[in-house]
Amino acid sequence: MSKIKIALLFGGISGEHIISVRSSAFIFATIDREKYDVCPVYINPNGKFWIPTVSEPIYPDPSGKTEIEFLQEFNKANAIVSPSEPADISQMGFLSAFLGLHGGAGEDGRIQGFLDTLGIPHTGSGVLASSLAMDKYRANILFEAMGIPVAPFLELEKGKTDPRKTLLNLSFSYPVFIKPTLGGSSVNTGMAKTAEEAMTLVDKIFVTDDRVLVQKLVSGTEVSIGVLEKPEGKKRNPFPLVPTEIRPKSEFFDFEAKYTKGASEEITPAPVGDEVTKTLQEYTLRCHEILGCKGYSRTDFIISDGVPYVLETNTLPGMTGTSLIPQQAKALGINMKDVFTWLLEISLS
C-alpha cells in the first residue's frame with residue numbers, strides 16, 4: 001500500500017514559535033509511518049518556509065538548542081540551501097498538512113485560509129472556528145449565550161474606548177485578569193487589583209495589540225479538558241476526555257508555568273468528583289461544537305464553588321509528549337499515534 005504524503009507545518013511567526021517546535025518533534029516521532037510519509041516544513045519567525053529536499057526528511061531533537069542552532073541542523077540534515085516561497089508547498093504533492101503550529105497566524109485562521117486557497121487539506125479546525133476561538137471576547141459572548149458560565153468581562157479597543165475611564169468605572173469589582181483578546185498561551189497576561197495596575201497592563205498590551213480583554217478574576221481550581229473526534233465512516237464522533245487539574249507554583253498558569261519544567265503540577269484525571277467531571281465534559285463538548293471546532297480542541301476552566309467557569313478554547317493545543325491532551329488520552333488508554341491518524345483521516349475525508 002502506498003503511503004500518503006503529508007507536510008508537518010511547524011515553527012511560525014507567533015510568540016509560541018518554540019512551543020510549536022517542541023510539539024512537532026513529538027508529532028513527527030509519533031505519526032504512523034506505515035500509513036504516512038511525513039515532511040517537516042519549518043516556518044521561521046519571518047514567515048519563510050524551509051522545505052526539505054531529501055527523500056527521507058529528518059527532524060532534529062530541538063532540546064537545548066537556540067532557534068538558529070536548530071535551523072542550521074534542520075537545513076543541513078535536509079539539504080535545504082535557501083527558504084522557499086510559502087505557495088511552493090502546493091507543488092510538493094502533499095495530500096494534507098498536519099498543523100503543528102500554535103498561536104497567532106497558525107491558530108487564528110490565517111494559515112488555515114492560506115492552505116484552503118492552495119487546495120491543501122489540513123488537520124484541526126477551519127478558518128471560522130479558529131478565528132472565533134482566538135477571539136476571546138466574541139467566544140465569551142457565544143459561550144454565555146449558550147448557557148455556559150462565564151465570569152463578567154468587557155473589551156478595550158485601542159483608539160476606540162477610553163481605557164482609563166472604563167477601568168475606573170467597571171461594572172464588576174477588582175481584581176481582574178487582563179490579556180490580549182487575540183492572544184494565546186498566556187503571553188502578556190496578568191492580574192490587576194486596582195485600576196492603576198490594570199492600566200499598566202493594558203498599556204503594555206497596547207504596544208503590540210489593539211484589543212484587550214478585561215475579566216473578573218474568579219478564584220478556584222484551574223482545570224483543562226480536551227475533546228477528540230474519531231472518524232466513523234463519513235461521520236466525525238466527538239467525545240470529551242478527562243480533565244486535568246493544574247496547580248501552578250506561581251500565582252497563575254502563565255507562559256512560564258505552562259512551559260517550564262517543574263513550574264506547575266498537573267494531575268490527570270483531576271480529583272474534582274464525578275459530578276463536576278461530568279459537567280466539565282458536557283461544557284467542553286458544547287464549547288467545541290458552538291465554535292465549530294474540528295478534529296480536536298481543549299478548553300480551560302476555573303471551578304469556583306462547584307461551578308466551572310469557561311476561560312477559553314484552544315483549537316491547536318500543545319502536543320509535546322507531556323502536554324495536557326496526551327496526558328488525558330493516556331488516562332483513557334488512547335494511543336496518540338491513533339489520535340494523529342484520526343486527525344489526518346478527518347482532514348482527508
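Just so you know, the numbers here start at 1 and follow the chain as drawn.
Cβ from N, Cα, C; glycine included.
Database features (Swiss-Prot):
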- 140-345: domain 'ATP-grasp' (DOMAIN)
- 169-224: ATP binding site (BINDING)
- Asp300, Glu312: Mg(2+) 1 binding site (BINDING)
- Glu312, Asn314: Mg(2+) 2 binding site (BINDING)
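Gly190 (ATP binding site) sits 16 Å from Asp300 (Mg(2+) 1 binding site), taking the Cα positions as reference.
Put simply, Glu312 is the one of the binding-site residues Asp300, Glu312, Asn314 whose Cα lies nearest to the Cα of Asn169 (ATP binding site). The domain 'ATP-grasp' (140-345) scores a mean pLDDT of 93 in the predicted structure. Residue density at Asp300 (Mg(2+) 1 binding site): 23 other Cβ atoms are found within 10 A of its Cβ, drawing on all protein chains shown. Ranking the binding-site residues Asn169, Asn314 by C-beta neighbours within 10 Å puts Asn314 at the top. Looking at Gly183 (ATP binding site) and Asn314 (Mg(2+) 2 binding site), their Cα atoms lie 11 Å from each other.
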